[in-house]
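**Q** Sharing a structure below in structure tokens format, with a few things to ask.
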């Protein structure tokens, strides 16, 4: 019998009775999902695995997949709840749809801000999109409420829209400014947790900028189109509950 020292594994990991080898990597400077897609494609093209072997991607990527599945349910539910709450507050389907036009432009601003800073989409960015959508809808509701009050007082449509928009300029701007300034430290932070905070803050700031432009300029124009369509149908603009 002979004994000799050789190089070998100091630990054999098993999962469900099968051997497992862990290969770890830290992803820096790009999104995790894109890295895994590229790595999986390259491995498939260049590496031939032995029979009975396979690759599973775990760690943060596994958590990302689970969170993405949850968001696929949570995000639509949130938007439905926002629309339902808005309809209960206004009591008018046409005006509810008008206010909800703030959401696409707010989302576009968030996407542009992420692209401008080179930040990949992440779970925290998705949360930021939900938050900025709520703020955009709130600002739109404030403006529509001011216009609606003047119409119910007997003011003509064009005058009601102009006066209501002018009255709500300061509240809308203050809401956007205060919220944006509050997220600036998170957007430029480099400390612990910055990789989570930066996407959320970037989306909120970018979305608020475009949503504010919509609320002050585009939303009154859309409201005017709705009222003109109502007048063309032979109904007055005063009772918006019938739009």
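For all residues, glycine too, the Cβ spot is worked out from N, Cα and C.
Just lifted these from TrEMBL, have a look:
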| type | residues | note |
| --- | --- | --- |
| TRANSMEM | 71-90 | transmembrane segment |
| TRANSMEM | 97-119 | transmembrane segment |
| TRANSMEM | 125-147 | transmembrane segment |
| TRANSMEM | 168-188 | transmembrane segment |
| TRANSMEM | 200-227 | transmembrane segment |
**Q** Suppose I define contact as three or more CB-CB distances under 8 A, residues 6 or more apart in sequence; do the transmembrane segment (71-90) and the transmembrane segment (168-188) meet it?
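**A** No, the transmembrane segment (71-90) does not contact the transmembrane segment (168-188).
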**Q** Relative to the transmembrane segment (200-227), which of 97-119, 125-147, 168-188 accounts for the most Cβ pairs at distances under 8 Å?
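**A** Of the candidates 97-119, 125-147, 168-188, 97-119 scores highest.
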